[in-house]
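A quick write-up on the structure given underneath.
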Amino acid sequence: MPTVEIDKLREGADSTSMKTSDKITSDFNGRGTEPGSKLRRLLAHPLYRAPEPGPAEPLLGGRDALRYYRRKVARWNRRHKLYRQELNLTSPATLLQLKMEASWLQFHLGINRYGLYSRSSPAINQLLHDMQDFSMISADYSQDEKALLGACDCTQIVKPSGVHLKLVLRFQDFGKAMFKPMRQKREEETPEDLFYFVDLQRHNAEIAAFHLDRILDFRRVPPTVGRLVNVTKEILEVTKNEILQSVFFVSPASNVCFFAKCPYMCKTEYAVCGNPHLLEGSLSAFLPSLNLAPRLSIPNPWIRSYSFAGKEEWEVNPLYCNTVKEIYPYSSGSRLLNIIDMAVFDFLTGNMDRHHYEMFTKFGDDGFLLHLDNARGFGRHSHDELSILAPLAQCCVIKRTTLLRLQLLALPEYQLSDVMRESLLQDRLAPVLAEPHLLALDRRLQLILQAVRTCIDAHGEGSVVVNNTQTWERPTAESTARTR
């Protein structure tokens with residue numbers, strides 16, 4: 001394993017002024033950290049201030065986006081007026097207005113070729129704050145749950161696949177977030193005998209994944225916060241969906257509960273309950289509408305078998321990556337490198353459920369991959385699932401910047417577990433992760449670095465560590481021979 005400028009990593013942090021450090025830390029967290037904090041030093045490091053390799057092409061055209069959202073707001077106001085008329089409500093309806101300064105709108109307009117947000121974007125911290133504080137004006141099932149509604153035979157379900165429940169909540173500023181309620185306590189571990197595809201979805205894993213993604217400087221997870229939601233006032237009383245209204249009930253313990261009608265959990269034993277009204281959950285900001293910013297959903301080449309028996313080819317063939325490298329777009333460009341970034345991220349969280357990935361069509365084949373749906377991470381802190389690292393171990397390539405940040409976070413001056421702990425303290429549901437999950441991050445980081453060392457020993461640093469400014473190309477036999 002090369003030291004890859006380890007000394008420079010240390011020197012870079014020491015030479016940065018405290019004034020710059022204060023600004024970056026404030027941008028990252030929305031509030032100051034304690035003097036001398038590891039998170040402060042990390043964010044002051046040159047690796048976290050390096051310019052992007054090219055122009056940050058925006059995802060959305062400003063005029064088109066504003067025109068589209070103004071139409072959406074006008075449609076909302078018309079439908080809300082008709083709904084009130086149907087209920088014979090005589091009090092005047094409050095009309096919504098699209099405001100340019102709305103944090104969710106600034107978030108959408110700030111998405112560019114290199115990530116969902118820039119490192120110093122003030123809109124992200126404001127968005128996190130707004131999602132924690134703004135009142136809800138509507139609640140509904142998500143579109144995929146609506147599509148499945150009534151499509152499953154609940155009498156045949158032994159253990160419902162994807163045991164989870166999610167809702168779309170809209171805020172007073174017209175922003176939207178995906179709400180995932182608490183279904184597992186922080187100190188609980190996923191049972192060893194439970195298959196990954198029937199694992200619970202954890203709200204705190206969504207929150208922690210956002211913080212980890214930002215610490216790794218990927219910026220591919222939508223902004224996510226924790227919040228205590230009043231399920232009566234902020235869901236039941238604002239939803240117009242009669243099916244959602246019908247699944248609320250009061251438990252024997254006098255707690256207000258609700259459940260999904262059919263797609264995943266069609267029985268009251270799979271309900272989530274407030275205490276008696278308040279329920280923990282994660283809120284993940286919505287991405288721009290598919291009408292504005294189309295996305296592709298692509299099967300992961302390292303997809304797992306979603307059955308109780310059988311394995312995929314990559315699970316039994318250690319040379320599987322040679323086949324992947326022959327296939328466009330993995331044969332050149334940054335797609336394969338981005339897949340390996342995603343594998344590194346998933347290994348740290350312990351997420352085995354990455355069957356597909358999404359990317360914005362506007363940025364073409366070399367656009368970044370979205371790290372969505374992370375609720376199955378942080379399930380088992382006592383086990384490191386090495387198979388998640390298969391893309392790295394089999395392909396033996398990694399971005400230089402990714403490797404540098406991993407090495408930086410392995411240094412005692414920073415320590416991944418420490419900066420994660422410090423970052424997560426900013427969330428109102430802190431502590432977001434139990435301590436063993438934080439310590440597991442350090443252990444898994446060392447395993448990633450060991451996998452890179454093994455690759456370098458076998459193929460040479462020049463073939464394994466790829467500069468971000470270059471596009472990866474499948475090595476020829478001659479170039480492979482030269483690196484040995």
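First residue shown is number 1, and so on along the chain.
Cβ coordinates come from backbone N, Cα and C, glycine included.
Taken from TrEMBL, the feature active site applies to Asp353.
For Lys180, Ser284, Ala285, Phe286, Leu287, Glu358, Asp373, the entry in TrEMBL reads ATP binding site. Residue environment of Leu287 (ATP binding site) contains 21 other Cβ atoms, counted within 10 Å of its Cβ in all protein chains.
Around the Cβ of Asp373 (ATP binding site), a 10 Å sphere holds 23 further Cβ atoms from the protein chains shown. The Mn(2+) binding site annotation in TrEMBL covers Asp373.
Look at TrEMBL and you will find 1-13 tagged as compositional bias 'Basic and acidic residues'.
In the predicted model, the domain 'FAM20 C-terminal' (248-464) has a mean pLDDT of 93. Positions annotated as domain 'FAM20 C-terminal' by TrEMBL: 248-464.
Taken from TrEMBL, the feature region 'Disordered' applies to 1-36.
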Going along the chain, which residues six or more apart from Ser284 (ATP binding site) have their CB under 8 A from its CB? Ala177, Met178, Lys180, Glu206, Phe210, Pro222, Pro223, Thr224
In whole Å, how far is Asp353 (active site) from Phe286 (ATP binding site) when you measure between their Cα atoms? 21
Tell me which residues of the chain lie with their Cβ under 8 angstroms from that of Glu358 (ATP binding site), as long as they are six or more apart in sequence? Arg295, Leu296, Ser297, Ile298, Leu369, Leu370, Leu372
Fewest neighbouring Cβ atoms within 10 Å among the recorded positions Lys180, Ala285, Phe286, Asp353 goes to Phe286
Near Asp353 (active site), which binding-site residues out of Ala285, Leu287, Asp373 have their CA within 10 Å? Asp373
